[in-house]
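A short worksheet on the structure shown next.
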Amino acid sequence: MGKIIAITNQKGGVGKTTTSVNLGACLAYIGKRVLLVDIDPQGNATSGLGIEKADVEQCVYDILVDDADVIDIIKATTVENLDVIPATIQLAGAEIELVPTISREVRLKRALEAVKQNYDYIIIDCPPSLGLLTINALTASDSVVIPVQCEYYALEGLSQLLNTVRLVQKHLNTDLMIEGVLLTMLDARTNLGIQVIEEVKKYFRDKVYKTVIPRNVRLSEAPSHGKPIILYDPRSRGAEVYLDLAKEVAANG
């Protein structure tokens, strides 16, 4: 049975989608069967894997709102072993449409149960908010990876996220746990980055991954080419660190 991991932080611009795409691709690269679920209305994980959103006829919206069969929505990607459930801007209306729906928080969980046995890992790219889409992701997941940018105010807003995780644990998913905290966008030339690492480690202790994602030009270029870094530039520092992260995640089971 596949392990379901939500990549979430309600703060935007912390490397959430970059991590979802590249962790998923690197897990696939080391031989794991991976499904990436894009549950962010911006659909950046979808386009980051080379899928034209304009060509997507059905997406995760249809699963959440219309109970579409998840098997019909899954698309293969250019990465061997990596499939995706795409998102389009249509998803932006889903939170409002789900409000009157019975069991609205568990719709993604129910859908993924039908395909969980087909994958080693299911990675969910969450939107930068703590609304119903993120609640669906947390309810469906075994664990959470929290990307934290190595910048000033890095920990700002995390107490709200952790409180949401606790509420989901209490009411919807008692088994949900923090998988790990990932430090992203490190500029090793600055003292600030080092200070943030120390602060985050002090707060989260052994939950902080050994792998730290640096700022990397090739990593930021890859999405515009519709490729994860392992395909776009496999020899880059960005590919190297996400491969290290994939191995860390795989070692955790």
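Even glycines carry a Cβ here, placed using N, Cα and C.
As written in Swiss-Prot, here are the features:
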| type | residues | note |
| --- | --- | --- |
| BINDING | LYS11, GLY12, GLY13, VAL14, GLY15, LYS16, THR17, THR18, PRO214, ASN216 | ATP binding site |
| BINDING | THR17 | Mg(2+) binding site |
Cβ contacts of PRO214 (ATP binding site) (under 8 Å, same chain, 6 or more positions away): MET185, LEU186, ASP187, ALA188, ARG237, GLY238, VAL241
Protein Cβ atoms within 10 Å of THR17 (ATP binding site), excluding its own: 26
Residues that sit under 8 angstroms from GLY13 (ATP binding site) by C-beta distance, when 6+ apart in the chain: PRO128, GLN149
Neighbouring C-beta atoms (10 Å sphere around the C-beta of LYS11 (ATP binding site)): 21
For GLY13 (ATP binding site), the three-state class that DSSP assigns: coil
Secondary structure of PRO214 (ATP binding site) (DSSP, helix/strand/coil): strand
C-beta crowding around GLY15 (ATP binding site), within 10 angstroms: 22
